[in-house]
Amino acid sequence: MPFTLGQRWISDTESELGLGTVVALDARMVTLLFPAIGENRLYSRNDSPITRVMFNPGDTITSHEGWQLHVDKVNEENGLLSYTGTRLDTQEANVTLREVLLDSKLVFSKPQDRLFAGQIDRMDRFALRYRARKFQSEQYRMPWSGLRGQRTSLIPHQLHIAHDVGRRHAPRVLLADEVGLGKTIEAGMILHQQLLSGAAERVLIVVPETLQHQWLVEMLRRFNLRFSLFDDERYAEAQHDAYNPFETEQLVICSLDFVRRSKQRLEHLCDAEWDLMVVDEAHHLVWSEEAPSREYQAIEQLAERVPGILLLTATPEQLGMESHFARLRLLDPNRFHDFEQFVEEQQNYRPVADAVALLLAGNKLSDSELNTLGDLIGEQDIEPLLQAANSDREDAQAARQELISMLMDRHGTSRVLFRNTRNGVKGFPKRELHTIRLPLPTQYQTAIKVSGIMGARKTAEERARDMLYPEQIYQEFEGDTGTWWNFDPRVEWLMGYLTSHRSQKVLVICAKAATALQLEQVLREREGIRAAVFHEGMSIIERDRAAAWFAEEDTGAQVLLCSEIGSEGRNFQFASNLVMFDLPFNPDLLEQRIGRLDRIGQAHDIQIHVPYLEKTAQSVLVRWYHEGLDAFEHTCPTGRTVYDSVHDELINYLAAPESIDGFDDLIKSCRQQHDALKAQLEQGRDRLLEIHSNGGEKAQALAESIEEQDDDTSLIAFSMNLFDIVGINQDDRGENLIVLTPSDHMLVPDFPGLPEDGCTITFERDVALSREDAQFITWEHPLIRNGLDLILSGDTGSSTISLLKNKALPVGTLLLELIYVVEAQAPKQLQLNRFLPATPVRMLLDKNGNNLAAQVEFESFNRQLSAVNRHTGSKLVNAVQQDVHAILQQGEAQIAKAAQGLIDAARNEADEKLTAELSRLEALKAVNPNIRDDELAAIESNRQQVMDALAQAGWRLDALRLIVVTHQ
């Protein structure tokens, strides 16, 4: 095409330069000025990587003054174009805009504009864009969206609770599972779902001070949620950045003590507009009607302002009725306002529980039992169901399940309280105790005597704590020259045990970090035993590396030496041998130690080894834990209660372990108290609530569906394709591990979620569970979600040209592959993606407007095509521009009809589901006061907004590919 001064051109290779203007010409060269950046570029007149910018009728263009023109007509005179049409800001008709006056910052965003402007993408990017659209749309439609991305085992009861609660509007619930059943994971799964769907954006987690780091690590490692820890120092720093320091972060963890200590801080927290608050160890919030504690009042203030609340607490039976009521009162003070009334109500639910027990037993029901069931579900005609349930027909079991479901909906606290017990959940291992009695070395005997004389003024509790760790007493006297490990028989025993069990992984826990470090040195130097260390002085990354080394099967560490605090929140269930080098001071810590291995999903019975020194506090405590509480071989929900009741007596025995007269009687009375409490707890179990919390067959089916999704290889293929195109290096390390590192030629300089020094990833859930240094890649992982956003939010792959070598078709035959997107714009919290995610509609049109997409599948067709370089592609486009316009018009006529069909289907689905949920809850509210008015109002409002948003849904062209047939 001949050049003329004033013409507008665009660079094929540097589209960010904007529109260029021809400002100089000679026989061989042309100079373009790019006003957007104020630079000139010199190009050859022949075969340069630049494309003439020509708009068409129907386009909207912008002048250099900023006003826009809808083009009706294009005129060419002396090689220069002028556009005539309607000015959009004044609606003035027949306005003419010369091309030299076009806005130089013009960006071509529509796929067809990019194609005509010569901005042609690589073919593989077009394919990636379509796959990204397709996969993203499919994932949003999955019923378990938000439940697959966490690094956890697929445990049915956890998935059931998260699925139920995570989909509610501003859920306010109490999670009261027994220890080891994963309350933290349930809370994390609910958070993950709510954040992913947009139902929540700001989250506050309030925990005891000792658990802050555990939660921080757990949220990051398991759910890829980056929380910020607020303490005094961080709070003071943030005050420089904002009036309310808590508004500087979306996801915050802080301690209960931090919340309680300052009135101003509590006010700032209350004003920070959180969507969801999690309170861990909520049973420590002390309440009575006359005198609620300051901690309780602080959380109560927050609970009045925060819409969604998750309280994590011990089981109701452990707490006692009044304490349990206090937790429920935080969730819904209008519903739970009178303790006496609450007690009476709970007693009234006994017939409901008895009725469920009858149905579960499967025996024939008597007339009186049938009448009881009829009375309990009185507002509905259930006669046919009762008859079916009491018959020998095939549908008898289904009828019983339906009746149980109806009873549970009507049960007092089943919507606000979830509680699972080990008895009701399968999959726990046995625990076997091996005690190893060892002689007390003379060096320790001497140190203990001297310590007794010098520490005469110490309290009994201080002496008891000292006596538990004789190596510390010895070291204090000997200083740096003390080498307790040379004579301590526990060290000899440990070395012997490890060398005779070299093929087994062993977790060793001791109270102090110094002990763990000294043991590592001894094991390494004396026996060459590979030992990793894990303590509170290490950073999270260092702990991850130690845990990963321990997890490696062949070349990894045989033993992991943990301090008490350092092991909080970490689970090592791939190991089943636990050595307690010393014993913790209270039963809760003992259970926490065993809980590192005793998790649901543990494949082997747990072997607990306790080497202890005779005539020391250790020998007293090992007997009290085992004989008095049965705390080694079974979980001990009574431990804290019994410990508190005999605290002073027990401390005296620990402080003076050589005087144990009467200790047998103490053990006997503790065991009696333990057995009585345990029987009481068992009797108080609410089996109806357990059935509801457990989820039954539905929960099992949910776990199986997600497991099936885990086995789908399409994610791996898509991810590798994405990483290739983005420019991320991939190094296969074997064992289903891949190392990703940034390259020098990335699509963007910093890929969100990819650290500068790279990261290790795996697509296997089992590998991710044993290798905490490896990120678990699912469709919900930030790397994939950020990758999808990167591709789909920009114009990557939105216009391309390919050649189709096919001798059955005439040379020069044109096909246009169009990817339309049908979507609705609405706030994220409406969760429109449940009904109408951005849905791609593919068309493959020939010159006559025939759509061949149904006959020609995308992937197989894509493999038959070959790429065209950008310069040749621009020439091809210019040659067939009018034909492409004609095909596009035919595509628009066809997509309008197809889009309306999708929109109507989405509206019908939304109306059906949301109306059914609202009707169900309104009907139940008549018999179950735990259904909140604000929840019903929110569902009604949400339904109306969803229907309105779907009515406004539309379509747009997202990508196109021009295909030209060749025989070469």
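Yeah, the Cβs are placed from backbone N, Cα and C, and that goes for glycine too.
Within the set 280-283, 368-371, 596-599, the record from Swiss-Prot flags 280-283 under the feature motif 'DEAH box'. Residue counts of the motif 'DEAH box' (280-283) by helix, strand and coil are 2 helix, 0 strand, 2 coil (DSSP-based).
Shown in sequence order, GLU186, ASN420 are the same-chain residues outside ASP177, GLU178, VAL179, GLY180, LEU181, GLY182, LYS183, THR184 whose Cβ sits within 8 Å of the Cβ centre of the ATP site. By a simple count of nearby Cβ atoms, those within 10 Å, the most crowded of the binding-site residues VAL179, LEU181 is LEU181. Between the binding-site residues GLY180, GLY182, the minimum number of other C-beta atoms within 10 Å of a residue's C-beta occurs at GLY180. Around the Cβ of LYS183 (ATP binding site), the number of neighbouring Cβ atoms within 10 Å comes to 25. Set side by side, the binding-site residues ASP177, GLU178 differ in how many other CB atoms lie within 10 angstroms of their CB, and the most is found at ASP177. Secondary structure at LYS183 (ATP binding site), as computed by DSSP, is helix. Counting every protein chain shown, the number of other Cβ atoms lying within 10 Å of the Cβ of THR184 (ATP binding site) is 20.
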